[in-house]
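The structure under discussion appears below in the form of structure tokens.
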Amino acid sequence: MPVLIVLFQLNAHNNLSLERRYLVIAFLFSWFGDLLLMQNRNDLFLFGLVSFLLAHISYIIAFMVRIQHGKPKLRRQLTVSNMIIKSIPFLAYIALMLYILSPKLNTNTEETKGLLVPVVLYTFVVVGMTYTSYLRDREAPGFWTVFVGAVFFVLSDSLIALNRFVMPLPTPGLFIMFTYGLGQYLITVGSLQVADKNVKIC
């Protein structure tokens, strides 16, 4: 994350100031979350969850700032009915994950005690972050880069939840870190592309 923060700060001079501020906040909270979860301690898991929750909320605000400053045509298209229709696959994914996770989180073990409500809230927010990225202007540079990055971020968090609460996955660290790192990188580069279409993915 420190590398991505530096990369973003060095190239974000064309981004909206408020958008830039909340993206940096999102990167910082993600970094704090990394440090907490890397300790692999049950007593720090909730703090790591809260840190990433704040990161996703910051991403949502940054994406909403971009939507607000987008083309008037985009804002006119974002009617209540249109947003509800677009939310259906995201709500379906939330329902699937909670269906899988809730039986495990309802058990009163030391590993899961008190985590049901935080995990449910976190699931809504992280998928909501991806949904908000999808509401942005598809014709703008970087749209798909950011959206695919957000999808990889959700996939990474889903793998963490499945590995921790449902069943151990083969080489979980490799898949979790790959999807997480790729997701954060794509969100960073895509957010820069929105303001400067000449920014390259790699």
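Quick reminder: no glycine exception, Cβ is built from N, Cα and C everywhere.
The model shown is predicted, which means the values in this text are computed figures rather than measured ones.
According to TrEMBL, the protein carries these features:
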- 21-38: transmembrane segment (TRANSMEM)
- 44-62: transmembrane segment (TRANSMEM)
- 83-102: transmembrane segment (TRANSMEM)
- 114-135: transmembrane segment (TRANSMEM)
- 142-162: transmembrane segment (TRANSMEM)
- 174-195: transmembrane segment (TRANSMEM)
Winner by Cβ pairs under 8 Å against the transmembrane segment (142-162), considering only 21-38, 44-62, 83-102, 174-195: 174-195
Close approaches to the transmembrane segment (174-195) from elsewhere in its chain (Cβ under 8 angstroms; 6 or more beyond its ends): 1, 4, 7-8, 11-12, 14-16, 19, 23, 27, 30, 59, 62, 66, 133, 140-156, 159-160, 163, 201
Winner by Cβ pairs under 8 Å against the transmembrane segment (21-38), considering only 44-62, 83-102, 114-135: 44-62
Distant-in-sequence neighbours of the transmembrane segment (83-102), which means Cβ under 8 A and at least six residues beyond its ends: 116, 119-120, 123-124, 127-128, 130-131, 134-135, 154, 158, 161-162, 165-166
